[in-house]
Amino acid sequence: MVRLCFIFTQLKSGIVLSKIFKSKTVCGTNYPLSICFIVVNEFCERFSYYGMKAVLTLYFVQYLHWDKDLSTAVYHAFSSLCYFTPIMGAIIADSWLGKFRTIIYLSIVYVIGHVVKSVGAIPTVGSSDMHIALSMIGLIMIAFGTGGIKPCVAAFGGDQFEEEHGKERQKFFSVFYMSINAGSLMSTIITPILRSDVQCFGGDCYALAFGVPAALMVVALVVFIGGSGMYKRNPPQGNVLLEVCKCIGYAISKRWKRSKHEEKKKHWLDWAEDKYSKRLIQEIKMVLRVLVLYIPLPMFWALFDQQMLNALMILIFVPIFDLIIYPLFGCCKINGGGDSIAVTKMEDVLANNIHVAWQLPQYVLMTAGEVMFSITGLEFSYSQSPANMKSVLQAGWLLTVAFGNIIVLIVAEGAGLEQWIEFLLFAGLLLAVFVIFSIMAHFYTYVNPEELDKVYLDDSKYAARDGKKRRPSDSLQMNKPDKSTKL
């Protein structure tokens, strides 16, 4: 019954919207109309997520009566889970359901999690143990929902563009990131007001503060389904991750067992050529090269995520960079942001001894760094991944945030350093990462994933090699970055 309703809703919305919107682009430009639904969906989803998180710690302390240590630990555990679950969503999307259906199904889980969390905040529902149980179940469902759809929505938005519209796709990721911060900014202002200014059940109204984000998530789901008749959908291509793991394992095993007389290979993955297709091997090389490039990046988030809210400045900076900085200088470095953050001076001072305005230059520099870092990372992860692993590489990018949070927990909770020493340590480590990443980025060569279709026309389904003779130019073209890239 649920599946029939889902199909009916899709068909109905698709038919209605196809009549209303005859053009498939925005005002005759190269921007597909479908991205409007994706951007609005992202805004509502981020409002839902950050609105709930804005009062979560207070809910633990004041409503569930947990101590601050337990509240902080659960809060960080929830945040980390939200950035580890993207791997699950990416695997489901790229290997089984496809991005569209993965977003739909996990958004339903997301909505249910919000509802359960809101019900757990109603004092008349059961005992305190019931409130704790409902809260934990709701948070786990929210973590799987928000994390599962996170890599899919960004990649699905990129899928809407034709390959010749690469510049428009880059602009889309900027607008997409602005919608994230717009939702974050509005929700972190509104939901605390709802909690404190509205009284219900004889106290602060946490049920309303959690209920409004739940309603916004319902809106996000409805809006996304509303555009179903306009989306460009790339079907999943089987259990890609399993094939990837088997290929890597076979290549390692074959290389380990090779005899001294066997001819050396240019790359260790080439040892799998006798069993796996060259296309699959080439795609794995592409993904591994990008993932290796991401290894030092968690340090950026380890320092950045310790600051206060900066969503407003991001909304200001993104248009400035897109309309002025990028066109003026032609390209920018991801690691430039890291260098600017590392110069902030930290020292212990008495309360109210220094005006808060002295912090603005640091926030400006950090926001500039995030704009260059985050938006470029989204676009780079999409453009440098093969078509059947777009969500997987987006999830790999999001994992850098998760590991950054883990670094903070290890240093903050385990080292026991004074705060100024801790900040100085993070800044020094990020400066070292800046140097390391600059060297890695210098030697990175860009790949055009579309060349795979031109080179491996007879090798599109990951079949084992069947002995067919291949042309001499059976390799993927790698190019130095052009002026349009920001890496």
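From the backbone N, Cα and C atoms, a Cβ is placed for every residue, glycine too.
Note: TrEMBL annotation is automatic and uncurated.
What TrEMBL records for this protein:
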- 73-92: transmembrane segment (TRANSMEM)
- 104-126: transmembrane segment (TRANSMEM)
- 132-153: transmembrane segment (TRANSMEM)
- 174-194: transmembrane segment (TRANSMEM)
- 206-227: transmembrane segment (TRANSMEM)
- 286-304: transmembrane segment (TRANSMEM)
- 310-329: transmembrane segment (TRANSMEM)
- 392-412: transmembrane segment (TRANSMEM)
- 424-447: transmembrane segment (TRANSMEM)
- 463-487: region 'Disordered' (REGION)
Subject >> Beyond the flanks of the transmembrane segment (132-153) by at least 6 residues, Cβ under 8 Å >> reply: 38, 41-42, 45, 49, 52, 59, 64, 78, 81-86, 88-90, 92-93, 99, 102-103, 106-107, 109-121, 125-126, 391-392, 394-395, 397-398
Original post:
For the transmembrane segment (73-92), which recorded stretch in the set 174-194, 392-412, 424-447 gives the largest number of Cβ pairs separated by under 8 Å?
Top reply: 392-412
**OP:** Please figure out which one of 174-194, 286-304, 392-412 racks up the most CB pairs under 8 Å against the transmembrane segment (424-447).
**Re:** 286-304
